[in-house]
Amino acid sequence: MTVSTVPLAVPPADAGARSRGVRRILRAALPALTGAALLAAPFGLDAFALATLTLGLCHGLFAYGLDLSWGRAGLLSVGHAAFFGLGAYAVALAGEHGLSRSLTVPGAVLAAVVIALPVVRIGLAAPVPDAPLILLTIGVGLLLQRAATTLTPVTGGTNGLSVSAPDVVTSYYVTLGAVAAVVSGCSLLLVRGRFGARLLAAARNPERAAQSGVDGLRVRSAAFAVSAAVAALAGALYAPVAGLVSPQVFGLGLSTSVLVWLALGGRESTVGPFAGAVAVTAGQQFLGATWQGWYVLALAALFLLVVRFAPGGLTAGPRRLLAGPGPDARLPRAARRSGRRRPAPDAAGTGDDAPPLVLAGVRKAFGPVDVLTGVDLTVAPGRCVCLIGPNGAGKSTLLGVVAGQLAPDAGTVSIFGTDAGRLPVHRRVRLGLGRMFQIPSVVADLSPADNLDLARMDAPATAELPAEFEDLAADRLRTAGTLPLADRRRLELAMVLAASPRLMLLDEPAAGLGPDDARRLTRELREVNRRTGCAMLVVEHDMEIVRELADEVVVLAGGGVLARGPLDTVAADPAVRAAYLGTAT
Ligand SMILES: Nc1ncnc2c1ncn2[C@@H]1O[C@H](COP(=O)(O)OP(=O)(O)OP(=O)(O)O)[C@@H](O)[C@H]1O
C-alpha cells in the first residue's frame, strides 16, 4: 500500500510561529473588541439605532438557535418560527391575561422542546431526514399560526396582542444582551465539548459516528430540542421590542428569513448567525424605507451570490484565516483530550470466555425477497471466519444484521454472550464490535488525526496504534475525504483498531485496492488478529486473501450456510461449485 502524501509548502519555522502568534492574538482580541463595542453601543448610538441593534440581536439569537439544528446537527428546519412564536406569545399572553412571564416563558420553552422532540424523532426515523423534517416543521408552524388566528378570545386573532414596550431602550438592550450572551455562552460550552464532537460526527457521517459508539439519534435530537428552546427564548425577547405579537410570528416569512440570516452570516459559528441577522435587520430598518422593494431584491441577489460563491457564509473566509491551516471542520479540543486520557487496556485480557459471535436461525427478507432464511454461524475467540458466496447471496446483509444496521426478522444475534438482536449500532460497538465497510467510511471533512480522536472518544477501550499508522495520527492538515482510497482504507482500519475491538466485521476490505496494497492490508489484518486476539468475520471474494486470512470458511448461498470448513475442503465441495456456477447439484 503506498502512502500518498501531498507535498505541503512549509513556511520557515519563525514565519509560521509569527503567523500563529498573530492569529492567537486576533482570536482573543476580536471577541473582546466586539464585546466592548456592544457594551459601548448605548453611549454611541441614538435611540433608533439602538432599538435596531436590539431587534438585530433578537433575530441573531433566533438564528443562533437555528444554527444548532441546521448548522451543527445538519437538520434543516423550514418552520423554526413555530418555536420563536411560542416564546413571543408567552410574553404577549402574560401581559394580556395578567400572568407572570416567569411562568409563561419557561412554559413556552418547555412546549417548544416537547413539540421538537417527536418532530425530530419522526424525521430521523427516515433514511434521509431532510424531507420529513422540512414538511413537519412547516406543518407545526402553520398549525400554530392557525391556532393563534382562530383562538381570538385568547390570542386576539389576526390583530394579535400588543406588548408593553420597555420604557428605556437602553435598559432593555442591556437585559437582552445579557440573556443572549448567557444563552449563546451555554450553547457554546455544549458544542465545544464532547457533545459537540458527537454532534459533528453524527451530522457528517451518521454511519461512522455510530460505528464510533456515538448515539447519533440522541445527540441530534437533543441539538434540535435545544435549538427549539433557544428559538422560543429569542421569541420571548423579541415581543417587547416589536410591541405587537400577531400570528405572522409563526409564519413561513419569518422561518425563511432566519434561514437567510444564517446562510448569509455563516453556519457552525457563533459570530455568523448574529452578524447575518444584525446586518440584514439593520439594512431593513435603515434602507428598507427608502429602497422599498429594491432592498428585498438586492437581498435576494446577495443571498444567491453567497450561496453560489461563499456557501460557508460571509464570515467563513475571515474565520478560516483566523483558524489557520487545516480543515474547516475540527473536533473540539475536549474530544481530543478525552480520547487520549482513556487508559489503554490489555486488549487480550478481556476475561470474557463467551464466543464473540453466535448467530442462530437468522432470517431477513426485503419485501417479498427472502435473503437470509435461517443462518447459523459461530465465530470463536481469536478466529478469523471468511464468509464467501455468489453475488447476491446475502453476505453484506448478514454483516448488516450483526452490526445492528439491519433488524433481523427472526433468529438471535449474540455478541460476547449478550443478546444483541435489539441493540442499536453504537451499543454493539460498546460490546467491542468494530466494522470496516466495503467503501471506506470515515468523516470526510475531518483530518485523519481528528478521525482517530473521534474513534477513541466513546470507545469502551483504546489501544496504541502500530507505528505504520503514525502518519495518519499526526495529520491534522488534510481532510480525510481527500486521501487516496488506500489511505482512506488504512485510516478506517486505524479507527477500528484505535477502539481496541474484540470482534471485527470486514466487508471486502481490499475492494478497489491494487495488488500491493491489498497484500499489505491482508498482512496487517492477519497481524492484528494474531497480536490482539481480535476475532474477525470477513466477507471476501478474493480467494488469495481468503487463503491468507481464514481459519474457517463459511459459504453462504440460497439464504443459508451451504458449507463450512477449511478453504480447500469447501472449494472441492460439489454443492459449493454448483452454487458459484449457478447450477443444481
Ligand atoms: N436495502 C435493501 N433493500 C432491498 N433489497 C436489498 C437491500 N439490500 C440488499 N438487498 C438485496 O438482497 C440481496 C443480497 O444482497 P447482499 O448485498 O447482501 O449480497 P452479497 O452476498 O453481499 O452480494 P455481493 O457479493 O454482490 O456484494 C440482493 O438481491 C440485494 O439486491
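Using the three backbone atoms N, Cα and C, a Cβ is placed for every residue, glycine included.
TrEMBL labels come from automatic prediction, so no person has curated them.
Database features (TrEMBL):
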- 333-342: compositional bias 'Basic residues' (COMPBIAS)
- 345-355: compositional bias 'Low complexity' (COMPBIAS)
- 325-355: region 'Disordered' (REGION)
- 25-41: transmembrane segment (TRANSMEM)
- 47-66: transmembrane segment (TRANSMEM)
- 73-92: transmembrane segment (TRANSMEM)
- 104-124: transmembrane segment (TRANSMEM)
- 131-151: transmembrane segment (TRANSMEM)
- 171-191: transmembrane segment (TRANSMEM)
- 221-239: transmembrane segment (TRANSMEM)
- 293-310: transmembrane segment (TRANSMEM)
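Relative to the transmembrane segment (221-239), the listed stretch 73-92 leads the set 25-41, 73-92, 104-124, 293-310 in CB pairs under 8 A.
Count of Cβ pairs under 8 Å against the transmembrane segment (131-151): among 47-66, 73-92, 171-191, the largest is for 73-92. Contact between the transmembrane segment (47-66) and the transmembrane segment (171-191) is present: at least three CB pairs lie under 8 Å, with pairs separated by 6 or more positions in sequence. Listed by sequence, the residues of this chain that lie at least six past the ends of the transmembrane segment (73-92) yet keep a Cβ under 8 A from its Cβ atoms are 62, 65-66, 101, 104-105, 107-109, 111-112, 115-116, 120, 123-124, 129-130, 133-134, 136-142, 144-145, 148, 155, 160-163, 199, 202-204, 219-220, 223-224, 227-229, 231-240, 242, 245, 247, 249-256, 258-259.
For the transmembrane segment (293-310), the list of distant contacts is 260, 263-264, 280, 283-284, 287, 316-317: same-chain residues at least six beyond its ends, Cβ to Cβ under 8 Å.
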